[in-house]
């Protein structure tokens, strides 16, 4: 079988490094390029171990190796992808900057493995337009969307996304407001980056995933349900018209959906999972415990509000992790920022989306400053 070429965007992050783990175990894909932001030490290690000859740097660091092709700056990812035109691009870039990375990947790759949430949340209309133009394969990497991708049928009654409930799922509502960063970062199931772990505790990440599912599977909001599933074994399910439910059950290991996206439709051998005596529980999220999640109904039909929601969360989570606001302040920053964007016109271009994002960042920062000054 001919080797396919791969570029990993965000190679030094959580999904990026787990993608590298898969490549060590399974043959058939050759890594030809990576991007990273600032983790120079790990980037050097990856380049050496995988004999990578192409590197895009989005941060302000120097990569000194005359044998490597290096692209730097805000357009480094687009320029590298245009030069390499890989068979597969793994978009593991986190944050809003992932939108540009996804669009460039769709332009220059045959398959895009999508592990960036913001691209569909904020720019789903742009991603779908590019998909239609280029005919690129788009395969989700998030465990929930990978699960739905695997069991989806032409007619479904409901799609069910599962959630862990985050580190505070068993806390009393009266105490959640004052949870510390070290409390919130103790995720009960997954080992993830700091922001997504906080987003799990607020269930903002699940709000993102509902919006992603609407875009990926062209589903109406009403057909998507979210259930808190403590065991972390069921990643997604579809309820069929005849009463059957199809679900994907596997250990909480991101290498499974990563390998599925890379090698689809072939399944590669990882570690087998054997059925045993287990119980599976499913609960509805509590609006009092997860108020930010329940803002979904307000934002679902507006890319402007969705973009503002994401930007406000980005600012609020950073402020919480730095000890500037309480955990309960995250929801308040998001809610107050959204108030400023009610009735805002729908974006039509990438520039429109980026303008809304940066406006929302500024507004959220002002709200955060106010909350910080009130010791909230």
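Glycine is treated like the rest: Cβ placed from N, Cα and C.
As recorded in Swiss-Prot, the features of this protein are as follows:
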type    : residues                                    : note
BINDING : 12, 13, 14, 15, 39, 116, 118, 193           : NADPH binding site
BINDING : 117, 143, 144, 164, 187, 200, 205, 206, 209 : 1-deoxy-D-xylulose 5-phosphate binding site
BINDING : 142, 144, 209                               : Mn(2+) binding site
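Features recorded in Swiss-Prot, as mapped to the structure shown.
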residue : record                                      : contacts (Cβ under 8 Å, 6+ apart)
12      : NADPH binding site                          : 36, 37, 39, 42, 43, 46
13      : NADPH binding site                          : 92, 93, 94, 193
14      : NADPH binding site                          : 92, 191, 192, 193, 254
118     : NADPH binding site                          : 95, 96, 98, 99, 208, 310
142     : Mn(2+) binding site                         : 114, 115, 117, 209, 212, 257
144     : 1-deoxy-D-xylulose 5-phosphate binding site : 161, 162, 209, 213, 235, 236
187     : 1-deoxy-D-xylulose 5-phosphate binding site : 164, 166, 167, 197, 200
205     : 1-deoxy-D-xylulose 5-phosphate binding site : 117, 196, 199
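Here the binding-site residues are 193, 209, and the one whose Cβ sees the fewest other Cβ atoms within 10 Å is 193. In this structure, the binding-site residues 15, 39, 116, 117 were compared by how many other Cβ atoms lie within 10 Å of their Cβ, and the smallest count belongs to 39. DSSP classifies residue 39 (NADPH binding site) as coil under the three-state reduction. If you compare every pair of Cα atoms in 117, 143, 144, 164, 187, 200, 205, 206, 209, the residues listed for 1-deoxy-D-xylulose 5-phosphate, the longest distance is 19 angstrom.
Residues 12, 13, 14, 15, 39, 116, 118, 193 are the ones the record ties to NADPH, and the longest Cα gap between any two of them is 22 Å.
Under DSSP, residue 14 (NADPH binding site) is assigned to a helix (H, G or I) in the three-state scheme. The residues near the Mn(2+) site, meaning same-chain residues not in 142, 144, 209 whose C-beta sits within 8 angstroms of the mean position of the site's C-beta atoms, are 117, 140, 143, 145, 146, 161, 205, 206, 208, 212, 213, 236, in sequence order.
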